[in-house]
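Annotated features in Swiss-Prot:
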type: BINDING; residues: C926, C929, C956, C959; note: Zn(2+) 2 binding site
type: COMPBIAS; residues: 327-348; note: compositional bias 'Low complexity'
type: COMPBIAS; residues: 384-393; note: compositional bias 'Low complexity'
type: COMPBIAS; residues: 401-422; note: compositional bias 'Low complexity'
type: COMPBIAS; residues: 423-453; note: compositional bias 'Acidic residues'
type: COMPBIAS; residues: 629-640; note: compositional bias 'Low complexity'
type: COMPBIAS; residues: 761-770; note: compositional bias 'Low complexity'
type: COMPBIAS; residues: 812-866; note: compositional bias 'Low complexity'
type: REGION; residues: 310-453; note: region 'Disordered'
type: REGION; residues: 498-520; note: region 'Disordered'
type: REGION; residues: 533-640; note: region 'Disordered'
type: REGION; residues: 747-892; note: region 'Disordered'
Amino acid sequence: MNGSGGRQMQCGKKADDKSLLARFFHADRSLTAVASELDSFDGRAEPDRCTRLVSKLRLNQDKVLAITNLIMEELLGEDRDPRAFRAKFPEEVLQENLAGQLWFGAECLAAGSSIMNREAESKEMRPLAQAVTKSLGNVRVLLRDQCLRNNVPNSKTLQLDLNDSTTEQLYESLKIFDRLFAEFELSYVSAMVQVKSRHEYEMQQWIGVLFSETLQRALKIGLLDQDMVDAFDPGLMFSIPRLAIVAGLVVYAKGPLNMDMPGDQLSEMFRPFRTILIKIRDLLRNLNHEELYQLEKVLCTNEDINAKAPLGSSSIEAPSPEHSSHHPTTSSNNNNNNGDTTGTTNTHRTVERLVDQRNNNNNNNTSSAPALDKAANRSPSMLSLSPNSTPTASPAPSPTPSHSIASTSSSATGSTHPPADWSDGDDEDEEDDDDDIEVEEEELDSTDDETDEEQLLKDIVAADCASGYLIPNTNLGNLLQPQEVPLTDNFVASEDDEYGAGEQQRQRHRDGQEDEPSTSAAMLAASRTLQRLRLPSSDAEPLAEQSTIKTPEQEQDQPHQSVYRHRHSHRHHHRHHHHHHQRHHHHQHQQPPQPHPHRTTRSGRKRCSLDSTESEATQPERDREPSQASGDTSAASSLSDDVSLAMRNTTARLKFKSTENLLHRLFVCIAGVADQLQTNFASDLRQILRSVFLMNMSSAQEEIDIPEKTKESELFEFRASENDVIQESAGSNQSIYSAEEVNPELDNVFSAGSGGGSPGNGNQANASAQRHSAGGSIQRNNTVDDGSPTGGGALLATSRSHVMRSRSLGDQESASTSTSSSQLHQEQQQLQIQVQRQRNNSVGSNTPSSASSTSSSSEQNSPVSARSGSRRRLQSNNETQMPSSATVTTTATATLAPPAWIPDGKAPRCMSCQTPFTAFRRRHHCRNCGGVFCGVCSNASAPLPKYGLTKAVRVCRECYVREVRSGMSVQGVPSVQERLTATAS
């Protein structure tokens, strides 16, 4: 007992012992003292004292665990439990005091406490927490015993007795504690923050690929600029996620944003928004090329939607020239005159107006059956209308009805590429049909033009279109449902549901009762179905024919083909409806129509392969019809499913009364989802965007910006010659110049100063000589006249050379930025003393205070001293003040480069109080020295004119005290005697 107490006293006396065991002994004793004090009083009675002691307890726990970790590194070595799971942790979790937080959490859980809102996880971790605290207590006892047995003062390594049983017991106890502590770390951190799985990491990589592909596509179509990527434009952090949502839903539909996959397979970043993304996808599929481009442009620029901008009429892009060249009807139709094209264009507007008029009449319950029958007799496009039709929206009547019905109907017929078997030998009917519809248009134009234009203007300036884009406190799901449509998770129906819907659809056709909007929905449905035939597989067509997005130049190459396909598909849509309603209204033909057995099974067009379409395009149509009839019959049910889905998507678009309203809602929802990623997944988004920027930078920029910035002393450094060494009052650290200082062509400041100092005869030769000669600028006995222009130039050259030397040598002499800043201050103070000595010993100066009026530093630019000095010069020697004032003005604008900031990763603790940084104790940089400090040690602010910072900025306390003192002594603050002298004069 006495021996043990003696060893404890002996170990306790040597507090300066730096060995691991001694350091552990003192840290453990301090921790025990704090814990005992905490247990000695009621924390509820003295909350302030309790809080202070708890903070001290956690600091001591950090210290004990840090030393224990060093001991385990030396004793266990490779036997330590692996901690590869830390790669899953977010950046903000991996702090230096993580071990102390884990120990504190384990003690709280072992005592019966629970993590807030994590009761289930706390209950599961409680046995493990109890095992951790018990194992750690055993390790502490064994380490204290080893401190008293085998401690070697100031030993760099542990020198334990390997033959002792206690050493082996310590070894096994450390292994058990290391394993338990690693398990508890993974469990505790996983309960507190989201930890990624392997699948999540893979999905995050796919999200990065999607972002990169989106950026490349945006650069290709002109939405973004390469200079923005090279400059790391902050605006891209918002633009790229928004564009990625659009591209992932409609362009790269089979990528990581494939909404058809199960929800648990989506990335955790987009999993909370799955329902709203499905609705966004369905609406995006109804946009044509121009509308999609306009939406993406708005997502990049946040500009208002241009209501008068021409919107495209096709949601399905025109086929490529190679594909369309196989159709003889298309090539022959390209030779038509402009009158035929004009007639087809008029057909568009006629159908749009009739459909829009039908919807408005049905919505107001004022339409009558005779009126509908009359309209049906006039135009085949109205044969599918019936009093039982129930529209889902009431768009305003207009030539382009607020872009809702017009865009829908024209999108269905604009540039749809029909299969080859759609040419039924009825080309001769088309001219008669066009003439009949043109008559209808002429009758409507005379009465509706003025009313339509006024209504269109009202729709454009509607409140919901002109409102701002940022809508706070908005449910994103409700934004996409302007009508009474419930929001459900089962927005996309399954295959069985779609099949059942198709059967009901066909039954309603047979019964003559149609509930869906007939004309516009059916027209769009068939064209949507045909477009899906062209998109899914890359083996059937070239990539250019599959893409849902093409440049406007590609679509403008084939105007006549698009016009023909518009009219041709329009005829077949009408005949399709005529057949189901048993209303065949044929016009007069030049020859009897050919029989069409395949018309009864027109829904089977989906199964026709594209290869056979191209090969059969050159064959006569009559030879092709019988062979396709059987194939059409076998695939009739498949097309009905797609038709029902397309009609449902079209119905969703019809709920918006204008295209501007639809684009506005899409903007709000897409921007809302993308901006939520900035908040909820900031760390993941930063990593993804950083990778995307690095992958898509230009090669020249990559070579310049990726390497770390090199110090000026490393870039411009050479050995000085004998002429460059200062003769008097100079140290060895002032014998090296920078390359910029030696090169006279780069010395713009000096040239301006010498020119300003001598407006009559600027002596450039003397200025250059004084820049490179030490004797002419700094020697003590050299005489410089106040009125001489070379005197001002010499002082300016002296100031500049000292500033540049201090700047280049400050980084070279010390590794710490704060040390270089203090050396810079000392250099400037020595410069002021030398200038004052030079001015006092000069012949032309009669007053010792003249130096205050010709300061060569921006810190001496005091209005009071300059005014008093100029008055004294006028009274003493009546000399001009222009050289001196020019020198002051010139040097006042010459500022230093701000110091380089110490990286956050190299400063785990405050450089003043040595307090470790945490997620709550943030880092702050001093603008004067570049050091990293906590908020308490850097709560001062002061202007730094030497760096060009005239406003107060954050500085540490040491720099603040130094700047205030130097400002009082260097900046020329007048004394009481000087103020009295200036007042008397």
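Each residue, glycine too, has its Cβ placed from N, Cα and C.
Model, not experiment: these values are computed from the prediction.
Neighbour density for C926 (Zn(2+) 2 binding site): within 10 A of its CB lie 28 other CB atoms from the protein chains shown. Every protein chain shown contributes to the tally, and the Cβ of C959 (Zn(2+) 2 binding site) ends up with 25 other Cβ atoms within 10 Å. The local packing around C929 (Zn(2+) 2 binding site), expressed as other Cβ atoms within 10 Å of its Cβ over all shown chains, amounts to 25. DSSP classifies C959 (Zn(2+) 2 binding site) as helix under the three-state reduction.
Listed in sequence order, the residues of the same chain lying 6 or more apart from C956 (Zn(2+) 2 binding site) and placing their CB within less than 8 Å of its CB are M911, S912, C926, N928, C929, G931, F933, C937, S938, A940.
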